[in-house]
2 protein chains.
Amino acid sequence: MAPQLQNFYQTVDSLAEPFIDRLRKAVAIPSISAEEERRPDVIKMGHWLKEQLEGLGAHMEARELGPQPHKEHLTLPPAIIGRYPAQKDPSKRTILVYGHYDVQPANLSDGWATEPFELSVDDKGRMYGRGSTDDKGPVLGWLNVIESHKKAGIEFPVNLLMCFEGMEEYGSEGLDDFIIAECKPGKFFEDADAVCISDNYWLGTEKPCLTYGLRGCSYYSIEISGPGQDLHSGVFGGTAQEPMTDLVRVLGSLVDTDGNIQIEGIKELVAPLTKEEESLYTNIAFNMDNLYESLGSKTGIFPDKERTLMGRWRYPSLSLHGVEGAFSAPGAKTVIPAKVTGKFSIRTVPNMEPEDVDKLVYAHVDKVFKSLKSKNKINCYLQHAGKWWVASPKHWNFTAAAKAVEDVWHTKPDLTREGGSIPVTLTFEQATGKNVLLLPMGSSTDAAHSINEKLDRRNYIEGIKLLGAYLHYVAEEPMEG
Amino acid sequence: MAPQLQNFYQTVDSLAEPFIDRLRKAVAIPSISAEEERRPDVIKMGHWLKEQLEGLGAHMEARELGPQPHKEHLTLPPAIIGRYPAQKDPSKRTILVYGHYDVQPANLSDGWATEPFELSVDDKGRMYGRGSTDDKGPVLGWLNVIESHKKAGIEFPVNLLMCFEGMEEYGSEGLDDFIIAECKPGKFFEDADAVCISDNYWLGTEKPCLTYGLRGCSYYSIEISGPGQDLHSGVFGGTAQEPMTDLVRVLGSLVDTDGNIQIEGIKELVAPLTKEEESLYTNIAFNMDNLYESLGSKTGIFPDKERTLMGRWRYPSLSLHGVEGAFSAPGAKTVIPAKVTGKFSIRTVPNMEPEDVDKLVYAHVDKVFKSLKSKNKINCYLQHAGKWWVASPKHWNFTAAAKAVEDVWHTKPDLTREGGSIPVTLTFEQATGKNVLLLPMGSSTDAAHSINEKLDRRNYIEGIKLLGAYLHYVAEEPMEG
């Protein structure tokens, strides 16, 4: 039986201005996790959030995460965790939601059209401000859902567990261990039945989506060294083997212009494309102009949207990021660098096991370097690896969300993956053993991490309705599956 | 008839301590041309030099060179020019000598064992101090030659023209135009019969050399651009053609590990090796351990000294210097750079005309890039070019210097070239139309431009004798040739 949500929706509409005002107050706290001097603002933001939720009747805790690794003089902002209603109702499902209350750096002088820490709403309802879409809007979405239920006198449909962190834009320092610990028996998150994360974006601007996959990332360095120190190319050019000559040849062997990875065995690790999966891409609300607009050029690899989406979501890619140790400034310098380190990463997909990828990378680099017959030394190593994540979109967590989208937006959501990583997703999946859903609020034009970040008023208000509807549909889903 | 120089040599020996004291005073003035705040010291050094020479009876002028290009608030240090004896003797040859009175930067904290601007003489006679060998020692050599002649009552054998600059370590700003102007009829340097520059080094530590050739340098940039801005490799990897992928492939096509330039047509521009020239390399005082010591490794291209010296002096080389616009810091950043610029240079030799080299480079880069079938844009251009220089070592300027070496050092000098450039050499040759000799004072271990720069007492004192003897032998050389 479909839940009756008209009363809830009307209440959200009637509270739109207070909800925008709540976002304005949140944006005004410059909770920049990457800037040391803003750390007090990040902590202030965490406590503001806790107080707001306590005001709504939630049970809240601020959990200290200790000193910041490698910057021991800094205290990590607390994980703000909570439960609503404060007392668990064992007859209802329990949904764990995650968001972050820290933001990227922002200065007016970077090119913002308005003060980044003053929410500025234009006549088209675009609400500009740092953190508006990433991730204060979505986090406040959950608060507004609670408040709307209280004001409308509607019984809350689930037990809500909350986990809000303040270091997401700086590598989520300290969070993984905390999540793993709190998901264990007897701990705060132990009874989560599913997880919902609202910290990504629609593929375009018109159609909502549910995200069920992320690529992983294995990041490598290739270090080549020879001379004892940097050399003058006039004196040594033509007499010494140069590490940079070797490096560009090794880097040039990894991938071609059209993105085909040249490392033997990589393609064989990729899960084959099934007919069923292939058919999914055709209906996704995306076109090549969307790509060209975001690229700022027409230098795409594929001429069609299907292969472009598969290139982003379900196939691996290899990007060369740069070279450390060589001359990188403007102008001309006649140096022969003594030691150069090339950096590249591979975006991984099912069924690529990171360890298998490592082995193939090392074997390839070794083979190419040996073919150069160089006297220089090479060292290829992994800097870090994060695994890909794919959830089942047939799980009740997703079917509930899809029904909520239809009810609020009157359209079926696209089922999408993302090319990048959100490492906390995999952590929640592994720590809870439960299904994780990515349920975005903002759209592709929101410019998270850029100047003039914004959240559309429509996406905020309808997004609040969507988060609430999702919880009601979750409550209605059959218990099996 | 060989000149009788015993009296001159004995006088130099008797004045050794005052000459070292003169060097001490010069080193104490930190005339660093690259540091704005040291500019007054550079100018002070120029005037100190002028006053010293005036004290010896020379006619001296400090010629202003105007404001520094691109740094108009800075005044260039003057060119200190002079003539000794003050009145020209038309019956004698006129020799134009060049040196520089500015020095490289130096700080004790860079790793110097002694204060860089206090001359420190150890028990092996190594005189440490910034500028000791580059180029204050050689410049003061000419002063000491004049003083020794005066003290010994020996008639000066030639008319000496002097040109000492204060910006050599910062690109000789303003000097080229000045030299060209002053070599014109009626101007200060018009009557030079030959040029002698003492601003380079022996190939080793035991055997003096005369240098008759320098390689040129053509420095190129290859700029490849595609996206409108840097991209996130998670979102765009696998969907966009990446400029960095194209760049490493183009750079990798230019040269191989053993230094073979892969650009079609370059080898054909190089003057063929004659039997006569080939035989010259065998007797040069140089061995592979010298190379390995200066490289700090055994990563040389050739196993023998002959091919190593030819690789440095008489064949072109191509070095890859680095990449601008890519990620170059330590750590990991998952960026797809939107625009990357590869930098490389070719050391040129006879008979490579710079314009011909440009054409071959552009054609090669164009061909390789076209083969990639990339949608990115490429732009390859020359940053700067300096031509190679080769003088005739059979000219009287060289034969006189060779006889002087034999008289002072009791050995025939090596006839050497250098792999790097000293652009002022070509300027003097072209402006005077006369033979230019490079007559070094210091040895290969002097560490010019490095920490713990030094000049051996023996090289300084015997070097003063050598400069004086050279002028006497110049006076004796037959007028033809």
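Every residue, even glycine, has its Cβ placed from backbone N, Cα and C.
If you look up TrEMBL, you'll see A:Asp102 marked as active site. The active site, proton acceptor annotation in TrEMBL covers A:Glu168. Residues annotated as Mn(2+) 2 binding site in TrEMBL: A:His100, A:Asp134, A:Asp199. Residues or ranges marked as Mn(2+) 1 binding site by TrEMBL: A:Asp134, A:Glu169, A:His449. Taken from TrEMBL, the feature substrate binding site applies to A:Asp199, A:His232, A:Thr334, A:Arg347, A:Ser421, A:His449. Look at TrEMBL and you will find A:214-370 tagged as domain 'Peptidase M20 dimerisation'. Annotation source TrEMBL lists site 'Important for catalytic activity' at A:His232.
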Hits for chain B proximity (Cβ under 8 Å) within recorded positions A:His100, A:Asp102, A:Asp134, A:Asp199 read none
The recorded positions listed are A:Glu168, A:His232, A:Ser421, A:His449; by CA-CA distance, the one closest to A:His100 (Mn(2+) 2 binding site) is A:Glu168
Cβ density check for A:His449 (Mn(2+) 1 binding site), other Cβ within 10 Å (all protein chains) comes to 14
Ordered by sequence, the long-range same-chain Cβ contacts of A:Asp134 (Mn(2+) 2 binding site) under 8 Å (at least 6 apart) are A:Val103, A:Gln104, A:Asp199, A:Gly442, A:Asp446, A:Ala448, A:His449, A:Glu453
Mapped onto three states, the DSSP assignment of A:Arg347 (substrate binding site) reads strand
Nearest to the residue listed as 'active site, proton acceptor' by C-alpha distance, among the recorded positions A:Asp102, A:His232, A:Ser421, is A:Asp102
Same-chain residues at least 6 apart in sequence with Cβ under 8 Å of the Cβ of A:Asp102 (active site), in sequence order, are A:Ser31, A:Ile32, A:Ser33, A:Val42, A:Met45, A:Pro77, A:Glu165, A:Gly166, A:Met167, A:Glu168, A:Glu169, A:Tyr170
Near Mn(2+) 1: residues not in A:Asp134, A:Glu169, A:His449 with Cβ within 8 Å of the site Cβ centroid are A:Val103, A:Gln104, A:Gly131, A:Asp135, A:Glu168, A:Ala448, A:Glu453
Taking every pair from A:Asp199, A:His232, A:Thr334, A:Arg347, A:Ser421, A:His449 (the record's substrate binders), the biggest C-alpha distance in Å rounds to 50
For A:Arg347 (substrate binding site), the nonlocal same-chain Cβ neighbours (under 8 Å, six or more residues apart) come out as A:Arg215, A:Gly216, A:Cys217, A:Pro316, A:Ser317, A:Leu318, A:Ser319, A:Gly419
Quick tally, other C-beta within 10 angstroms, A:His100, A:His232; top of the binding-site residues is A:His100
A:Glu169 (Mn(2+) 1 binding site) -> DSSP, reduced to three states, gives helix
CB contacts under 8 angstroms to A:Thr334 (substrate binding site), restricted to the same chain and 6+ apart in sequence, sorted by sequence, are A:His232, A:Ser233, A:Gly234
